[in-house]
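S.K.: Got these off TrEMBL a minute ago, pasting:
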- Tyr22: active site, proton acceptor (ACT_SITE)
- His97: active site, proton donor (ACT_SITE)
- Asn71, His77, Asp84, Ile98, Ser99, Arg108: substrate binding site (BINDING)
- 113-138: transmembrane segment (TRANSMEM)
Amino acid sequence: MKIQIINGPNLNLLGTREPDIYGNSSFDAFLPELRAQYPDVEIEYYQSNIEGELIDRMQEVGFTADGIVLNAGAYTHTSIALHDCILSLACPVVEVHISNVHKREEFRRKSMIASACIGIIAGFGLHSYSLAIAGLLARNEPSADNG
Ligand code: DQA
């Protein structure tokens with residue numbers, strides 16, 4: 001099983017960026033912990049601040065990976081291009097947020113990508129990524145109802 005994690009703009013600053021909202025850990029520090037949690041899953045990681053680069057990466061992996069865990073950052077709320085990209089891929093995509101976007105500013109309540117994703121996880125800090133992987137794995141279980 002191969003899962004691609006993709007982080008969008010400003011998520012390279014995790015650990016120093018608004019730590020009261022996003023926590024004190026960088027993603028690089030968290031990644032080994034996540035990989036240890038899922039030893040049988042090949043977890044790849046990519047981050048970019050550039051919308052087109054996120055799309056390029058999704059197109060690169062979206063026909064071979066078993067799933068994509070996408071935190072599109074602020075592009076979540078604006079990007080029709082990411083929405084269209086998700087729809088064009090063969091693999092399922094989970095929308096992830098570290099913070100509970102529904103508890104914050106009004107503009108964060110709107111997601112341009114949610115309707116193209118198989119599910120959404122938000123508000124569990126970095127555990128949101130782990131829960132998204134658990135969701136993708138559960139879909140592959142024989143008893144799964146993927147409705
Ligand atoms: C975020 C929430 C977005 O609204 C924000 O623009 C981010 C991070 C989150 O993980 O909570 O950059 O996606």
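Placement of Cβ uses the backbone N, Cα and C atoms for every residue, glycine included.
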S.K.: Going by DSSP, is Ile98 (substrate binding site) sitting in a helix, a strand, or coil?
M.R.: coil
S.K.: Could you check what DSSP calls Asp84 (substrate binding site) once collapsed to helix, strand or coil?
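M.R.: It is helical.
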S.K.: Compile a sequence-ordered list of residues in the same chain as His97 (active site, proton donor), six or more apart from it, whose Cβ lies below 8 A from its Cβ; state 'none' when nothing qualifies.
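M.R.: Those within reach of His97 (active site, proton donor), by Cβ under 8 Å and sequence separation of 6 or more, are Asn71, Thr76, Ile120, Ile121, Ala122, Gly123, Ser128.
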S.K.: Inside 10 Å of the Cβ of His77 (substrate binding site), count up the other Cβ atoms and send me the figure.
M.R.: 16
S.K.: Return the members of Tyr22, His97, Ile98, Ser99, Arg108 (the recorded positions) with CB less than 6 angstroms from at least one atom of ligand 1, or none.
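M.R.: Near the molecule: His97, Ile98, Ser99, Arg108.
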S.K.: Measuring Cα to Cα, how many angstrom lie between Ile98 (substrate binding site) and Tyr22 (active site, proton acceptor)?
M.R.: 6
S.K.: Roughly how wide, in whole Å, is the group Asn71, His77, Asp84, Ile98, Ser99, Arg108 that binds substrate, by largest Cα to Cα distance?
M.R.: 24
S.K.: Whole-number Å distance between the CA of the residue listed as 'active site, proton acceptor' and the CA of Ser99 (substrate binding site)?
M.R.: 7
